[in-house]
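> Would you mind keeping the following structure in view while I ask a few things?
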Ligand SMILES: Nc1ncnc2c1ncn2[C@@H]1O[C@H](COP(=O)(O)OS(=O)(=O)O)[C@@H](OP(=O)(O)O)[C@H]1O
């Protein structure tokens, strides 16, 4: 139910004014100056980079709007609306973890007027590094004044080279890591893979090198990603802990405003996203964004977020919980936060 916004029918704003105000972002949304939003179809919160931008009429879906011709601008060469702002390299990144709740954090924080975020995952610091920083910058949304540019690619957290590469871009980059109980995270990850490849072996089968001996296969990605303490070590070689924020994926669901308050403080922006922005959608079973003056429809995340998980043998869950316990404790100690996954 990833609803896009749409402009009110019967708007009295003339079409030429809309065309000046409406700059569709990567999700087909217009955000400037409380401008109308471009119509967005289901699933338009596209996860894939470089997929073609959705066609977006800058005037928005206004079939009943008066068909007045757009007034000519002073200079004869100006057929396109002026582009406001500058594309900047991100000052903050959501670096992980996959299936932690990264999309929720991104969508919630981009409701803030001082934050502009790329809606797709650019995978620059893992897969696309060879394309260079200019390419990376060109993907970014335009920002004005002190607005923060943000992107999220959850695989960065487990990419060995990512910390050094990000440090080389800017040692001041703020890093957000959304973490979740590694056992639930692994099941979520597996559930997603299974939805695309129904023929893969069972979760129970993939989790162990030898199940009878209780030997967990830590080389399986779904297990490996949850070894947060190990991955964290690579980041701490380049960044101080104070430059990292660890968001609880569990609290993000029960108290989105609380976790988003921490995110806003960390980014140094005013706490504008509060409990007034959220409602609990019973059908979805998750918090969603309420409609606001600039976002005319309430918005839940898409169908791939909040899926029903595959049923896993409870004994296997216990074995994995035991397996992760020492890594979790090490992680709590390193970050100074108890996530209560035990
Ligand atoms: N508000 C809200 N709505 C829907 N889903 C929410 C929300 N907050 C957190 N979550 C949890 O986010 C999980 C998906 O995590 P990610 O967005 O990091 O996934 S991904 O790595 O980008 O694929 C997703 O995991 P699953 O439940 O396993 O699907 C959700 O539990």
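Start at 1 and count along the chain as shown; that gives each residue its number.
Placement of Cβ uses the backbone N, Cα and C atoms for every residue, glycine included.
In TrEMBL, annotation is done automatically, which means it is predicted and not curated.
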> For the 3'-phosphoadenylyl sulfate site that TrEMBL assigns to 99, 100, 101, 102, 103, 180, 305, 306, 307, 308, 309, which of the candidates 170, 188 is also assigned?
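As annotated by TrEMBL, 99, 100, 101, 102, 103, 180, 305, 306, 307, 308, 309 share the 3'-phosphoadenylyl sulfate site with 188, chosen from 170, 188.
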> With TrEMBL as the source, identify the stretch among 12-48, 49-85 annotated region 'Disordered'.
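Of the candidate stretches, TrEMBL labels 49-85 as region 'Disordered'.
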> Given a separation of at least six residues and a C-beta threshold under 8 Å, show me what packs close to residue 306 (3'-phosphoadenylyl sulfate binding site) in the same chain.
284, 285, 286
> Check the domain 'Sulfotransferase' (90-325) for me and report the mean pLDDT.
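Mean pLDDT across the domain 'Sulfotransferase' (90-325) comes out at 97.
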> My understanding is the cutoff is Cβ-Cβ under 8 Å with a sequence separation of 6 or more in the same chain; which residues meet that for residue 99 (active site, for sulfotransferase activity)?
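For residue 99 (active site, for sulfotransferase activity), the qualifying residues are 154, 180, 185, 188, 189, 192.
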> I need the most crowded of these binding-site residues: 188, 308. Count other C-beta atoms within 10 angstroms of each C-beta and give me the top one.
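Compared across 188, 308, the most Cβ atoms within 10 Å surround 188.
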> What does DSSP say about residue 101 (3'-phosphoadenylyl sulfate binding site): helix, strand or coil?
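Assignment for residue 101 (3'-phosphoadenylyl sulfate binding site) reads coil.
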> Of 101, 306, 308, listed as binding-site residues, which ones have a Cβ less than 6 Å away from ligand 1?
101, 306
> For the C-alpha pair, I'd like the distance in angstrom between residue 300 (disulfide bond) and residue 101 (3'-phosphoadenylyl sulfate binding site), rounded off.
13
